[in-house]
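Visitor: One structure, pasted below without further comment.
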Amino acid sequence: MAKQQVRERFVELYGAEPEGVWSAPGRVNLIGEHTDYNDGFVMPFALPHVTTAAVARRTDGVLRLHSADIQGTAAGVVELALDALAPGSDPSWTAYPAGVVWALREAGHPVTGADIHLSSTVPTGAGLSSSAALEVVVALALNDLFGLGLMGWKLARLCQRAENVYVGAPTGIMDQTASACCEEGHALFLDTRDLSQKQIPFDLAAEGLRLLVVDTQVKHAHSGGEYGKRRAGCEQGAALLGVDALRDVPYDGLDEALARLGDEEVRRMVRHVVTEDHRVERVVSLLEAGDTRAIGPVLTEGHASLRDDFRVSAPELDLVVEVALSAGALGARMTGGGFGGSAIVLVEATDVETVTKSVTEAFAAADFAAPRVFEAVPAAGARRVS
Ligand code: GAF
């Protein structure tokens with residue numbers, strides 16, 4: 001249905017049929033937070049929430065963009081000249097798709113223009129990778145239409161470059177790779193150093209379990225300073241320890257490494273990253289051994305580390321974790337970059353209602369905006385849908 005609507009709207013806007021329709025999902029990260037710019041491990045899975053794009057090529061060096069999700073004065077078709085695209089020049093939503101076109105052309109790919117209409121069901125600012133979904137769907141469509149031969153992580157790298165350089169957000173590679181490479185029914189175990197991947201079956205329903213996403217409605221952004229400060233702190237830690245990236249600090253040698261760091265803040269960041277990489281490996285082993293319930297406490301440990309050591313949580317996220325655990329959840333943690341956004345909660349299927357009710361009531365009692373709670377089931381990665 002959605003793809004038909006997107007197609008029809010494209011015709012209304014541009015007066016011709018699109019050449020195709022593509023979609024790319026948002027993601028939830030199960031474990032492995034703030035490890036991706038430290039060459040470490042992550043384990044996201046794709047959500048059923050997607051950004052859909054109807055696209056047709058142009059040959060005149062013009063990019064026309066429209067989004068069904070933008071209302072008010074910024075609504076309407078935006079027309080850009082490809083030759084005028086320049087990093088840092090666009091503070092609006094169009095920087096994401098335009099950044100992808102810029103990155104493709106800068107890498108030497110012969111993109112000569114396009115008409116694009118977008119529509120998304122991925123909540124924005126909720127820590128669920130709406131930006132990556134937007135970048136990946138545009139990259140995939142242009143890749144297919146212009147025959148660029150970019151698949152999987154190559155596409156993800158290009159989108160990351162658009163976000164880092166064009167938009168100016170110093171993010172890692174996780175979100176774009178998740179959107180491009182995840183598979184239905186699986187979580188993606190990704191080594192962000194060499195981008196090797198392993199699809200880990202993740203069928204919670206078969207085990208009587210559910211994963212809830214609690215969107216706190218507290219908006220966050222990674223182009224703000226806090227994300228960049230964490231990244232810089234990690235790089236400083238690696239330099240002080242004489243390693244290429246924090247991934248190279250062995251978990252077994254962590255105490256010894258920490259003892260060599262004088263700066264308390266850097267020490268905390270290093271401890272988070274090294275223990276978080278270890279948690280990803282533990283979760284992978286537990287899932288491969290079929291011991292799914294046992295990942296709960298590992299998720300909760302991850303939250304404590306993000307809250308106390310890495311300091312990227314928020315009162316709303318901490319409240320979700322605390323209340324969900326008291327209401328019987330097996331594990332809970334913030335997901336994504338933090339400073340707002342969403343938390344995930346692993347629960348027995350029979351406890352979904354109690355946990356949801358407890359969290360919602362606790363938010364009302366704390367005078368927080370009502371959270372949006374939904375169940376997440378691992379969905380497919382980016383693809384052509386028509
Ligand atoms: C955001 C970033 F975009 C990712 O690259 C990653 O660093 C994440 O925060 C934290 O794990 O989603």
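Including glycine, each Cβ sits where the backbone N, Cα and C put it.
Unlike curated entries, TrEMBL annotations are predicted automatically.
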Visitor: With GLU33, HIS34, THR35, ASP36 listed by TrEMBL as substrate-binding, which of these, TYR166, TYR227, is given for the same site?
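Guide: For the substrate site that includes GLU33, HIS34, THR35, ASP36, TrEMBL also lists TYR227.
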Visitor: Under 8 Å Cβ-Cβ from ARG27 (site 'Transition state stabilizer'), six or more apart in the same chain: what's there?
Guide: PRO44, PHE45, ALA46, LEU47, LEU128, SER129, ALA132, MET174, ASP175, ALA178, SER179, CYS182
Visitor: For ARG27 (site 'Transition state stabilizer'), what is the secondary structure by DSSP, using just helix, strand and coil?
Guide: strand
Visitor: Quick check on the domain 'Galactokinase N-terminal' (8-57): DSSP residue counts for helix, strand, coil, in that order please.
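Guide: Grouping H, G, I as helix and E, B as strand yields 10 helix, 26 strand, 14 coil.
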Visitor: Sort the residues of the domain 'GHMP kinase N-terminal' (96-181) into helix, strand and coil with DSSP and give the three counts.
Guide: 52 helix, 7 strand, 27 coil
